C-alpha cells in the first residue's frame with residue numbers, strides 16, 4: 001500500500017510560499033489557497049447558486065486556509081464563517097483575515113464536522129463545502145446537522161469527487177486514498193441522503209471533466225517546479241503526490257470516478 005501523502009499539511013504549512021502560490025495559479029488560474037477540485041467557473045457561481053446578498057449569513061465546511069471564504073465576503077459583503085479540523089489551516093485563515101482587515105465579516109473556527117455542529121438551530125442562510133463530505137463517515141448525520149442549522153428556505157451546496165462509476169483497481173483506490181481517509185459513494189446515493197435529511201430534490205451538476213483538467217494542470221505545474229519541490233518536500237513525498245494526481249486524472253478523464261455538485265434547499269416550512 002502506498003505511503004500516506006501529507007497533501008493537506010504540506011499545503012497549509014506552505015500556504016504563504018511563493019512556490020506553492022505559483023503552483024495554484026498554474027493549476028486553477030487564480031490563488032484562493034485551493035486544495036480541492038473546485039475550478040474558477042464553479043467558484044465564481046457559488047454566490048449566485050446560493051442566492052447570497054449582503055444580509056446573508058454563510059457557513060463554509062472545510063474552509064482550509066480561508067481564501068475562498070474571504071473572497072466571498074469581499075465579493076458579496078456577506079458574513080462568512082469557516083470551520084476546519086486542521087489547526088494550521090485555521091491559523092492561516094485568521095492571519096489572512098487580519099491582513100485583509102476582513103474580521104468584521106469573516107471568522108474561522110477549528111471544529112470537527114463529523115460531530116454536532118457548534119451552532120444553534122436555524123442560524124445560516126446558506127452552507128457550502130468543496131470536496132469535504134467524502135471525509136465524513138456518516139454523511140446522513142452531517143446532512144441532518146446542516147438541515148438543523150439552516151434557516152427555512154436556506155440552501156446547501158456541496159461536491160463529491162468520489163462517485164464510483166466504473167471499474168477501479170485496488171491499486172488505484174490505494175493511491176487515490178493516500179492523502180486522507182475517504183468514503184466512496186455510488187451514483188444516486190447523495191441524492192437519496194439529501195432527500196432523506198429533509199431537503200428538496202437536489203440539482204446535480206457534473207464537473208468530472210473539470211476535475212480531470214485540474215488534476216492534469218496540477219501535475220504539470222508541480223513537474224515544472226520539480227527541482228524546487230524536491231528541496232522542499234523530498235523525493236518520496238514529491239513522487240507520491242505526483243502519482244496521486246496522475247491516478248486522479250486518469251480516473252476522472254475515463255469517467256470511472258465522477259465528481260458532482262449538489263444544490264438543495266431546506267423547505268420554507
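In case you wondered, yes, glycine gets a Cβ from its N, Cα and C as well.
Going by TrEMBL, these are the annotated features:
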{"type": "DOMAIN", "residues": "59-157", "note": "domain 'Methyltransferase type 11'"}
List the helix, strand and coil residue totals of the domain 'Methyltransferase type 11' (59-157) as derived from DSSP.
37 helix, 28 strand, 34 coil
Suppose you look only at the domain 'Methyltransferase type 11' (59-157); what would the mean pLDDT be?
97
